[in-house]
Amino acid sequence: MAGQISETDQIKQFKEFLGTYNKITENCFMDCIRDFTTREVKPEEITCSEHCLQKYLKMTQRISMRFQEYHIQQNEALAAKAGLLSQPR
C-alpha cells in the first residue's frame, strides 16, 4: 500500500518525536526555570519558555527549508547530468 507508513515506522517516528519533545522540554526548563520556592511559574519564566520554544521551532523550520533546497538542487543537478548523458552525440 503506497503512501501508508508501517506500524514499525509509526512507532519509530513517535519515539523520535518523544525524544525531541523531552530534549526541548529539558533544555528550555534548564534555561528558564530558576525559582523553586513557589509552585507558581513567574511571568519571566513563562516568557523565557515561550521564546525558547519559538526559537527551536524557527530553527527547525529553517533547517527543513535548507534541507529541501539542497535536495531540489541535487535533483536538478542529477536531471541535468542525466539529460546530458542521454543526448546523442
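For all residues, glycine too, the Cβ spot is worked out from N, Cα and C.
Bear in mind that the values here come from a model prediction, so they are computed numbers and not experimental data.
Among the residue ranges 28-52, 53-77, the one that Swiss-Prot annotates as motif 'Twin CX3C motif' is 28-52.
It is 8 Å from the Cα atom of Cys32 (disulfide bond) to that of Cys52 (disulfide bond). For the pair Cys28 (disulfide bond) and Cys48 (disulfide bond), the C-alpha distance works out to 8 angstrom. Around Cys52 (disulfide bond), the same-chain residues six or more apart in sequence whose CB sits under 8 Å from its CB are Ile24, Asn27, Cys28, Asp31, Cys32, listed in sequence order. When pLDDT values are averaged over the motif 'Twin CX3C motif' (28-52), the model yields 96.
The Cβ of Cys48 (disulfide bond) has Cys28, Asp31, Cys32 as same-chain neighbours under 8 Å, each 6 or more residues away in sequence.
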